[in-house]
Structure formats: structure tokens, C-alpha cells
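Note sheet for the following structure.
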Amino acid sequence: MRIAESRVLPRFARVRPGGLAPIVAILVVLLVLLTLRQPDFLSPPSLMSFLGRSAPIVLLAAGQYFVIVSGEFDLSVGSLVTAQVVVAARLIDSEPSRSWPVVVVLLAFGALVGLVNGVVTTRLGVPSFITTLGMFLILVGAVYLWSDGAPKGGLSEEFRRFGRRAFEDVPALGRIPYALLILLAAAALAVLLSRSDFGRTLVAVGGNPRTAGLSGVRVWRAKTIAFVLSGVSAALAAILLGGYSGVSFQAGAGLEFGAITAVVLGGVALGGGRGSVVGAMLGALTLETLFALMNFYGVSGALKSTVQGAIILLAVAVSSVRSSSR
Amino acid sequence: MADPPPSPLLTLRGIGKSFLGVRVLDSVDLDVRPGEVHAVVGENGAGKSTLMKIASGVYAPDEGTIDFAGAVRSFRGPRDAQRAGIGMVHQEFNLLPERTVAENVYLGREPVRRGLVDRKAMLSRTAALLDSIGESSLPPQARVGQLGVARQQVVEIVKALATDARLLIMDEPTAALADNEVERLYALVRRLQERGMGVLYVSHRLKEVFDLSGRITVLKDGRLVTTVDTARTDADRLVRHMVGRELSSYYPARARPDEVGPVRLTVHDGGNRKLRGVDLRLRAGEVLGVGGLQGSGRSALARALFGAAPFATGDVRLDGAPVRLRSPRAAMRAGIAYITEDRKGEGIVAGQSVLDNALLASRALLPGAGRGARAARVRELLAAVDVRAAGEDQEIRYLSGGNQQKVVLAKWLALGPRILLFDEPTRGIDVGAKSAIHDLVRQLARDGAAVLMVSSELPELLGMSDRIIVMRDGRIAGELPAGAGEEDVVALAVGAAREAAT
């Protein structure tokens, strides 16, 4: 291949749709605004606890990234988180020794739900928007039915420590929530995966499924794996959320839209084929920062979903204007 | 033709432009006289569209001057150029399908009366404009989305007229038109010419250039090669200017008898929804051409062999052993590659990088296997097929058609295929890159691959193939040796040859 341009190009090329520069810029601006109002927000204890609290949505955004970049949607993760928390409470029933087995069960449950989403979408040809909306409703109904309308049992302290405990008295940083460590590990895995052959192939599937199929990619399989990853990320999020805020039917409410907003904010194209998992996770952090900012400035929490909706519309509009102006 | 020529409407002098340090235009001169159609030709990447964008105010030149209607201009954007009287009809239209013709023509400049859009004036003015160019059959209140491509183009042109354009820039105006519509466009362009309008006409199709233009400017690699009077040149000379070489050296030499090896692939009585009774032998080292009319089963044959639309009946053998090609993966495992005719739709992933595109098939078939070595090999292949790009991270959609096709080829070569199925390998590729692709196809055969090449371009089919089979109605209508003539192929394709008697 002939390099027809000078070496400076790759650096410029990073500022493009799907690049990280915009989301980093937005995050920095929000953090500055936040520290103006709340000077100690960036101090280690406050920052650590903020990151720990944000871990579930960041995990969900990472999972959602794989689905969206492959050209699909996963609307089922919010109710999946709720279902996981309720199921965990009933299975553990405050019995510490069941904590680890239940963690395994939840991960398997998440993977199974993702598998069903993926197979129904790719093999039965149901648009994923509908598939996962159906799964959302099925899970809501099933959880109510299974628990007779009120959560049963309870989570053990063993189980809850993932979401609420921390390494105490760490030099310089104070306390490091377990949730943050779990997040870092999962994020590292997600980044590795997104750069692997599978990750790159998945982007190709989202970008042009016909090309991918004719290049030997098993498109259905790649997409199904993406759904499974999203389901597993929902299981991890549920484990952290259950620990942090306890058992309720509201545990996962609205998280699917939070995750999708975060992913879109992070520069991942709805419809697939463009974006990075780091962008998606930064998008989630940005969203959480924005909510914290609204909180500190005394904006009503009721505006959260309005803000999310506006972000989705704005982000998609900006990206489609940019791509059509080429 | 009157002499002396009238003073030019538009004069570009010493235009230069660079993007990120790459020189795409270098001291180009060009002028357009009133009432003249001035054609601009050149290969993809020669700088035609950049030059048009500079003339229409989209880009500002780095060097040089733009002189329009007697004054030096520096346009601050396309609207600025429009106000000055330069209209542009893009390859892709900028029309609102849900609005009427009149609304589109006056979009953003609606005539206003007492603070409201004066619909009546808008309709009558549009009708007058349409009338003035002989398109009075087009109703101003028709919804644009319901019009055919040709009439949408008329709307685009009228849009330019409504701004009192004195110069119209047309970028590949016939790319989307059917043959009979092209004639109408000719008539329209001539009428614009009669009104004293200057037309800058960019096209790949030399026929149009000769039919319409008074003068032709040839660009190559961002430089002006020459500007000639159309009457004083011919297609051969023009192509020579464009590529810097003779047409006759166009096709690489065919395979010598000793270069053709054993039979690689045999099909006996193959059939599916689009194919019937296909019998075929493909040898190592040869290029087997597949001719026929559109829809005769040429592409269906290639897709059947690649497992994309498999044979439902019949028997396929690879090196003598029966093989089932049920899916592209199965075909790829058997050493078969398929270079599709629809490059954009199923050959590339437009938003991914050159490298990602080149790695796609290897990643799909052998994920994780020796990643470093594999990337190194693909980089070598990209260099070997001479892809020209800003870098391996550049998104493939920014490459010219020829370079995209080379990346697609590299993707397949990475798997070391022994059978290559080319479907219209040079469709949408400019002249210079075409012969590079032809050379690559021949080189692959010479290296021992068995090549099947579908082509609807007769010169290509005849120039490249060692043997030719011609398809008709899903069957192989007949086979021709190298050196057959165009008439032989056409006769078989339409069923005029001896087979019609049986």
C-alpha cells in the first residue's frame, strides 16, 4: 500500500464520528462545572464512591455497545436486572452459603436471556427492537408472577458486599469500592474483546451484514454472542445494584435507556458499524456526571428521563447530519 | 463556430489545493465561455471533483484566482457562489422528496408576499422556468418523490436557473440515468447553451463528452494535461491523455498452453432456481470468461459456486473429489473466493478501515490464529496489489473504486484461494485502475489459480478470457475459444446462433 499522505493524518483522523475526542471533551466540561459547584467532588473519597456507584450503568453500557455496534438493540437489560435482583433474593433467602452459587446462576441466567434474544432476532428474523421489548415485558410479568407481587427472601451480606463494600484505608485513595474493581476488570475484558478478531468482525457485521456474510462471517452467531455479552453485563450490574440498593421491583427500571443513551453519547452509531467500547463506557460516566451535576444544581430528578431523551435525539441528529454532509 | 471566441465567463488560473499536506490540485487553469459546454475528464482521483468544488465555492483554493463574469471572486461558500451566478447539479440530488417541484426550486428563497409564502407566484415562476427549457410537461405542483430520476434532475437544473445562474456545473449528470433519458438531458443541455449559459460538465463517459462538449480539459493526478477542441481529438487520444498510454496495450497476454493446468472444478448438471443443467470445467491457470445478458444467470453461476445461492441439484467436484458448497464459509474452506459485482453493497464495509476490510475474511474463517503474522501478511498483500490510501487506518469509503477493489482482492488473497470468481471485476472503476485489476487477474491465473470472470463488458470479456462460456436463460448456451468476436458472444447470448435450431 502506498501512503499517499503525511504521517500527521492518523492523529487528525481520530477526531471523527465514533472517535473519543467529543465525549472526553464533554466529560471534562461537566467535571469542571461540577467542581465549581462542589469543589471536593474530585477528592479521592468522593470520586471513588462516585465511580463505584456508576459501575452498574458503565457495565451495562459496555454490554449494550456490543449489541448496538452489531446493528441491534437490547431493551431487555433493565427488566433483566430487576429480575436478577428479585431472583437472587429469593434463591439466597438470607442464607450466606448460597451467595456464590447464586452469583453463578445469575451469570448463567443473563447469558441465557441474551441467547434467547439473539436467536429469536437472528434466526426467527424478529427485529431486535421487538424481540427485546418482548423479553422486557416477559421478564416483568414473570418476576411478578414468580414472587406473587412482592419480593421474597433477602440477599445475604456475603452477596451484598460486591455492591456496597470497599477496600478501606488505601493510601491516598481512601476506600476503593469492590464495585470499581469489578468494573475495571470487566472493562479491561471488554476492551480486549472489542479489539479482538471477534470485536472487529462484530463492527463489520453492524456496518454491512451482507459483506460480512459473503466474507464468511456467521452473522447470526456474532450477533447472538453480542446479546449474550449484554445479558452477562446485566447480570454483573444486577449483582452490584442488588448489593448497593437492595431488593425492589424498581432495581433496574429505566436502565436500558440509560445504557442506550450512554452508548450513543459515547459516539457509537445507532444502526451499528461504528464506535468504541471505551466511548460507550465514557458515555455512561458522562451521563452519571450530568445527573450528579443536575443534582448539585438542584434540578429535579424527574427531569432525568427528559434529559436522556434529549441526549439521544441530539446525539443521533448530530451524527446523521455529520455523515450526510460528506 | 464564431471567431474570435467570446471572452470567458469563468476563468480559473493557477488553482492549487492540498488536503492535510496532500496536493490534490496543482496550478490548474480552466476557462468556460458563455454558451459553451466544457467537459472535464480524468481518472478517479485526478482532481475533477475538487476543482468543481472550488469553482462552486465549496472549497477555497490555496493558490490561484477565480475570475467570474469579469470580476475576481473569493467565494465564502456555495451560497455565495450561487448568488454570483454559479449553479451546481450534484451527482446525488439535494431535493426534498415530500415537497413539490416549485417548493424545491424555491427552497430557502420562497417569494414572499405580506410575510407569507406567495405560492401562486412560486408556481407560476416555476412553470415559466420549466417552459423556458422545454420541460413544460413537468407540473410544478408534482411531489418530487414521485418523479423519476431524470425529472428530478430537471428539477435540480431548474433550481439553479431560478438563482439566475450563468454557469452550471454538472457532476456526472448521467450516472443515474437510463439511455433514453440521457438523450433528453442532451437536449436540455443544448437549450441551456442556446441561452448563453456556460456549462462545466464532468463525466466518465467519453461518448457524452464527445456528443456534448465544445472543449475538453483532461486532468491527471491533480494537474492539467491539456485542453483541446473536441472536434480536433478522438477517444483514443483522449484516453491516452488520461492514462498516459495506448489503448492497445490494454489487456495482458493470455495463458500459454503450458500454463494451463489440470481441471480444478467440475460442475455436472448443476441447477437451482436461476440455473439449469450447468456443465462446467474450470482449469488451473486459465481465465474462463462468462458472458451473457443481464439476468441470464452469469452472477447466479458465480454465487452458486461460492455457496451464496447454492446449487440445489447436480454434482460439484473439486480436484476430482465431490464437494458440497452450501455456504460461503464452505466455499472459502474449499479455497474459493468471490469478488462481487456490488462492491459497495456486499464487497466492503464502508465505515471500516482499509486494514479491517482486508482482514475481514481471515478473521471470520480463522479467528485468533497468528494475529501478528496475519496482519503482516495482509499488509504485504495491500502493498502487492498497490492500494493507494492515506494509511491503513483510513476508512475504505474514502478510497476510489479501483483502490477499494484492490482491498477486496487483498482480503481474498489473504486466504490463499485456488479458485477465484470475479463478478464484473472492473465495474465502476476508472480506466487506469481497470488495467491494474486486469493485470492482477491475469497474474493470479499465471500463479496457478483457476479464474472465472463474469463480465458484461465485451472488450474485457474478449480481451481477458482464455475461453468464454455464454449464458442464456440460466443455461450455458455455448462455449467460445479465445479470439472469438463480439458478434459470436452476442449471437449466443440472444440465441441467434446454431443452438436456436436444436
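Glycine too: its Cβ is placed from the backbone N, Cα and C atoms.
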Kindly point out the range from A:50-68, A:278-296 that TrEMBL annotates with transmembrane segment.
-> A:50-68
Can you find at least 3 Cβ pairs under 8 Å between the transmembrane segment (A:50-68) and the transmembrane segment (A:75-92), where each pair is 6 or more residues apart in sequence?
-> yes
Name the range, of those listed as A:75-92, A:98-119, A:176-193, that has the largest tally of Cβ pairs under 8 Å with the transmembrane segment (A:225-245).
-> A:98-119
Same-chain residues near the transmembrane segment (A:75-92), Cβ under 8 Å, at least 6 residues beyond its ends = 56, 60, 63-64, 98-99, 102, 105-106, 109-110, 113, 117, 129, 132-133, 135-137, 139-140, 142-143, 146-147, 151-156, 159, 230-231, 233-235, 237-239, 241-242, 247-260
Spatial neighbours of the transmembrane segment (A:20-38) not adjacent in sequence (6+ beyond its ends, CB under 8 Å) are 14, 265-267, 276, 278-279, 282-283, 285-286, 289-290, 292-293, 296-297
Positions on the same chain near the transmembrane segment (A:176-193), where near means CB under 8 A and six or more residues out = 48-49, 51-53, 55-56, 58-59, 62, 65-66, 161-167, 170, 199, 229, 233, 236, 240, 243-244, 277-278, 281
Surrounding residues of the transmembrane segment (A:98-119) on its own chain - C-beta under 8 Å, 6+ positions past either end = 74, 76, 80, 83-84, 87-88, 91-92, 128, 131-132, 135, 139, 156, 158-159, 220, 223-236, 238-239
